[in-house]
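One structure is given here, and the rest of the page talks about it.
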Amino acid sequence: MSTNIVRKWFQNNPDLAILPFLGIVVMGFMILLTGGQFLTGINLRSMAFQLPEIGLFSLAMMPSLLTNGINLSIVSSANLTGVIMAVILTSWISPESNGISALFVVLVAVVAGLFVSMVSGAINGALIAYVGVSSVLTTLGTMIFYEGLTTAITKGYVISKFPEGFLSIGNGSLFGIPISLLLLVLCALFMGGILEYTPFGVRLRMLGSNVTASEFSCIDVKQVILRSYVLSGVLSGLAGIVMISRFNSANVGYGASYLLLTILICVLGGVSPTGGFGKVGGVIMALLILQFLSSGLNLLGISSFITIAFWGITLILVLAYRFFTLRKYHR
C-alpha cells in the first residue's frame, strides 16, 4: 500500500524522481571520502539537530516563491523574533523564579515572538499586495529595517543565558528524537496539508502560475499574497525560536548564510522560481541532500567560506537547469 503511494507520488512529480537517487549518491560519496566518519552516531546526531532550523527557513521561503515572489527578510525577521524573546526571557526571569513562573514566562516569550514574526510577514504581504511594491524591493527593505531594529535593541551585543526549559526546544530530545526535528516534521506536514488539501493552497499555486487567470477566477489575489507572507513570517519565527534555543543566545548576525541556502534548497527541491509549482516533499529531500553535503564537507575540513561559495555555484547551476528545462517544455 505505502509502496504504491510513493510510486504514484513520483509518477505525478517526475522532476523530483532524481532526488532520492541524488541523495543516495551524495551520501555514498561522503561515506567513502570521510572514511566511515559520516555514519558515526555523533555525526548523525549532529545532523539531526542542524536540520530543523534550516528546514524551517526553507519552508518559510516556499510560500513566497509559489506566488512568483521572494522573501529576503526571513533570517532578519527570525533574528528580530529571537531578540524580542531573549529580552523577555532575560528580563522577566530571576534566579528566584520557580518552575511554574519560569514556564509562564517562556510561553509568553514564545507567543510574543510568534506575534512579532506574524506582524513582520504581514508588513511584507501588505506592501506587496496592497501598495504594489515588488517582492524583491519590499523584502530587501524590510530585511534592512528588521536588522536595524534588532541592532538597536541589542546595541550590537549578544543576549544569552536562557532558562533550561526554553533550551530544551533546540537541544532536548523526546524518545531519542530531537524536539526541534519533531517540530520540523509537524510544520512540514502542516505545510503539505495546506498546499495540497485546502482552497488556499490551490489559490496560491494558481496565483503563481497566472495572476491574470486568478483574477478572472474571482480569486482575491491580494488576500492570498498577504496570507502567504504571514505564513512565511510565522515559519521564520519558529526557525528563530529553534535557533536561539540551540545557541542559548540571540544576536543580529545569526544565520547570515541561511538565506542563500534556503533558496537553493527550494529550487533544488522543485519549487519553481517563477511560481505556481512546488512540493513540500521535494523541499525536504533537497534539505537532506544539502545537509549530507554540508556535514561531509565539514568532516573533510573544508572551509565554511568555500562551502558558501559552493552553494552559490550550485544555485546558479540548478537555476540554469530549471530555466533550460522549462524553456524546452514550452517549446
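A Cβ is built for glycine as well, from the same backbone N, Cα and C atoms used for every other residue.
The feature transmembrane segment is assigned by TrEMBL to 17-44 (among others).
A Cβ distance under 8 Å defines the sequence-distant neighbours of the transmembrane segment (65-93), meaning residues of its chain 6+ beyond its ends; these are 57, 101-102, 105-106, 108-110, 112-114, 116-117, 120-121, 124, 128, 135-136, 139-140, 142-144, 146-147, 149-150, 153-154, 159-163, 166, 195, 204-205, 207-208, 211, 224-225, 228-229, 232-233, 235-237, 239-241, 243-244, 249-256, 258-259, 262-263, 266, 271-278. Per TrEMBL, transmembrane segment is recorded for 65-93 (among others).
Within the same chain, residues 73, 77-78, 80-82, 84-85, 88-89, 92-93, 142, 146, 163, 165-166, 230, 233-234, 236-238, 240-241 sit at least 6 positions outside the transmembrane segment (99-120) and bring their C-beta atoms closer than 8 Å to a C-beta of that stretch. TrEMBL lists 99-120 (among others) with the feature transmembrane segment.
As annotated by TrEMBL, transmembrane segment applies to 127-146 (among others).
Taken from TrEMBL, the feature transmembrane segment covers 166-195 (among others). Long-range contacts of the transmembrane segment (166-195) within the same chain, counting only residues at least 6 positions beyond its ends with a Cβ under 8 Å from a Cβ of the stretch, are 48-49, 51-53, 55-56, 59, 62, 66, 89, 106, 109, 201, 204-205, 231, 235, 238, 241-248, 278-281, 283-284.
The transmembrane segment annotation in TrEMBL covers 229-247 (among others).
Within the same chain, residues 13, 15-16, 19, 53-54, 57-58, 60-62, 65-66, 70, 72, 74-75, 78-79, 82, 239, 243-244, 247, 277-279, 282-287, 289-290, 304, 308, 311-312, 314-315, 318-319, 322 sit at least 6 positions outside the transmembrane segment (253-271) and bring their C-beta atoms closer than 8 Å to a C-beta of that stretch. According to TrEMBL, the feature transmembrane segment maps to 253-271 (among others).
The list of residues near the transmembrane segment (299-324) in space but at least 6 beyond its ends in sequence, with Cβ under 8 angstroms from a Cβ of it, reads 30, 33-34, 37-38, 43, 257, 260-261, 263-264, 267-268, 272-273, 290. Under the heading transmembrane segment, TrEMBL lists 299-324 (among others).
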